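Worksheet for the structure shown next.
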Amino acid sequence: MLREMLKSKIHRLTVTDADLHYEGSLSLDEYLMELADLKPFEKIDVYNINNGARFQTYVIPAPRYSGEVKLNGAAARLGHKGDLIIIASYAQYTEEELENYAPKLIFVNEKNQPVEVKESTEVK
């Protein structure tokens, strides 16, 4: 049996822009994508802390170390510049893989720079 579990999470990102007329997706600093083990066009869940909106889209790389977090296309209706969001990705794991399972957790500052990166199943 496969279980779908959190693969990675980037916590409290600040939206830097929103472009309603772009084709779609979420543009994310390439460095943050690497830290969270996200590949271009990978499906992500986005949770808007400011307004409670939750939606799925896919991620595309923005310039490395830019801090860019841009909502594109229809997603631009679900958040605004300055909103705080969480990005989560999920994967399926076998029971054997779960024996050593730990999701990647990335915490950022107000400039979307990573301040803590850990792999943990600890629940606070």
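Quick reminder: no glycine exception, Cβ is built from N, Cα and C everywhere.
What Swiss-Prot records for this protein:
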{"type": "MOD_RES", "residues": "SER25", "note": "pyruvic acid (Ser)"}
{"type": "ACT_SITE", "residues": "SER25", "note": "active site, schiff-base intermediate with substrate"}
{"type": "BINDING", "residues": "THR57, GLY73, ALA74, ALA75", "note": "substrate binding site"}
{"type": "ACT_SITE", "residues": "TYR58", "note": "active site, proton donor"}
Quiz prompt | Span of the substrate site, taken as the largest CA to CA distance across THR57, GLY73, ALA74, ALA75 (Å, rounded to a whole number) | solution = 10
Quiz item: Relative to the Cα of the residue listed as 'active site, proton donor', which of the recorded positions SER25, GLY73, ALA74, ALA75 has the closest Cα?
Solution: SER25
Quiz item: Across all chains shown, how many C-beta atoms besides its own are within 10 angstroms of the C-beta of the residue listed as 'pyruvic acid (Ser)'?
Solution: 20
Quiz item: So which other residues, same chain and not among THR57, GLY73, ALA74, ALA75, have a Cβ within 8 Å of the centroid of the Cβ atoms at the substrate site?
Solution: GLY24, SER25, LEU26, PHE55, LEU71, ASN72, ALA76, ARG77, LEU78
Self-check item: Other CB atoms, at most 10 A from the CB of TYR58 (active site, proton donor)
Solution: 16
Quiz item: Across all protein chains in the structure, which of the binding-site residues ALA74, ALA75 has the highest Cβ count within 10 Å?
Solution: ALA75
Self-check item: Residue pair GLY73 (substrate binding site), SER25 (pyruvic acid (Ser)) - Cα distance, angstrom, rounded
Solution: 7
Quiz item: Sorted by position, what residues of the same chain at least six away from THR57 (substrate binding site) have a C-beta under 8 A from it?
Solution: GLY24, SER25, LEU26, LYS43, ILE44, VAL46, ASN72, GLY73, ALA75
Exercise. Note down the number of other Cβ atoms within 10 Å of the Cβ of GLY73 (substrate binding site), including every protein chain shown.
Key: 16
Quiz prompt | Conformational class of ALA75 (substrate binding site) under the three-state DSSP mapping | solution = helix
